[in-house]
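Undergrad: Residues annotated as ubiquitin cross-link in Swiss-Prot, with a curator's inference given as evidence: Lys8. As annotated by Swiss-Prot, coproporphyrinogen III binding site applies to Arg30, Ala32, Arg34, Asp81, Tyr160, Ser215, His338, with the evidence given as similarity to another entry. According to Swiss-Prot, the feature site 'Transition state stabilizer' maps to Asp81, an assignment based on similarity to another entry.
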Amino acid sequence: MGNFPAPKNDLILRAAKGEKVERPPCWIMRQAGRYLPEYHEVKNNRDFFQTCRDAEIASEITIQPVRRYRGLIDAAIIFSDILVIPQAMGMRVEMLEGKGPHFPEPLRNPEDLQTVLDYKVDVLKELDWAFKAITMTRIKLDGEVPLFGFCGGPWTLMVYMTEGGGSRLFRFAKQWINMYPELSHKLLQKITDVAVEFLSQQVVAGAQILQVFESWGGELSSVDFDEFSLPYLRQIAERVPKRLQELGIMEQIPMIVFAKGSWYALDKLCCSGFDVVSLDWSWDPREAVKINKNRVTLQGNLDPGVMYGSKEVITKKVKQMIEAFGGGKSRYIVNFGHGTHPFMDPDVIKFFLEECHRIGSK
């Protein structure tokens, strides 16, 4: 993995591997981004994907929360987006201010799909900027905290590629899996193949831990999740370590899966090959701990909306959460149940992190 500085804080790596820790490690999904004033200063008037593709700027944005919350955050996550995989597969993606992602030419029929299936993806070439940003960030961090790489889950990426953006009804994605199940599997397989290579090359570039965001997992029924999501998540968990060995990386790289809303699948996710399963806030942690039976590390799961509450409420909710996950000295990573919001107060986030340290160290 190159001549990178040795980690000074490996708390999250140890927790992910199931080792005992002094306190639960803390990081937050979307910890780098729009709620930080320094993000807006650096991004300036650049387009979102233009920002991601500038390695120097992406690296700076990645490090901003680590710098602001020095000693409180136990990992950095590279500033990027799950939709870079569809881009690498030849699809055009725009990020519309205030509206979110938009695909001008979504996949709506078998002919559209064939174009994507026939497209030869060169991951190293298409996503070269991402690997440069990771390497640059890993060097700049100087071992202060480990660096996350990530990608979107295959089903979630298929949703965006077929819907043309976010959705409430999931009309087109559901149409695909119900009208063209075989073609849907072909698309999911191609996305999976690209995801495996992308994640593996992120590790080569310097990522020390990986997360797969299956953000739309909860939009599938349990039966459809078992057919259109879980097998591809399992493939990723199984194939990435093998690909890393082919690339000369023998050390264990912890992998996290976050299938938001997929409450019915927790037992299966705990034996899917991932080291960590991340939970959204709909879960009662005590129930999740029972179902898990100590097989994997659990991550989560504070409702991000708690950040709009008083300090007393934040303290109470953090205490409840850490205690419900067993105290945090083993098999637990503190996080939100989803990402930060643009409207959050950075000082409130700091208080949350301080309370996680204070309560988790007891």
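Positions of Cβ are set from backbone N, Cα and C atoms, glycine also.
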Undergrad: 10 Å Cβ neighbour count around Tyr160 (coproporphyrinogen III binding site)?
TA: 27
Undergrad: Tell me, how many other CB atoms lie within 10 A of the CB of the residue listed as 'ubiquitin cross-link', whichever protein chain they belong to?
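TA: The Cβ of the residue listed as 'ubiquitin cross-link' has 11 Cβ neighbours within 10 Å.
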Undergrad: Counting only residues 6+ apart in the same chain, whose Cβ is under 8 Å from the Cβ of His338 (coproporphyrinogen III binding site)?
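TA: Spatial neighbours, sequence-distant, of His338 (coproporphyrinogen III binding site): Met29, Lys260, Asp280, Trp281, Pro304.
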Undergrad: Determine the most Cβ-crowded residue among the binding-site residues Arg30, Arg34, Asp81, Ser215, using a 10 Å radius around each Cβ and all protein chains in the structure.
TA: Ser215
Undergrad: Out of Arg30, Arg34, Ser215, which of these binding-site residues is nearest Lys8 (ubiquitin cross-link) by C-alpha distance?
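TA: Ranked by Cα distance from Lys8 (ubiquitin cross-link), first place goes to Arg30.
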Undergrad: As a test of the contact definition, list every same-chain residue at least 6 positions from Ala32 (coproporphyrinogen III binding site) whose Cβ is closer than 8 Å to its Cβ.
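TA: Looking at Cβ-Cβ distances below 8 Å from Ala32 (coproporphyrinogen III binding site), excluding near sequence neighbours, one finds Tyr39, Ile61, Thr62, Gln64, Pro65, Ala76, Ile77, Phe79.
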Undergrad: Helix, strand or coil at Tyr160 (coproporphyrinogen III binding site), per DSSP?
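TA: Note: Tyr160 (coproporphyrinogen III binding site) is helical by DSSP.
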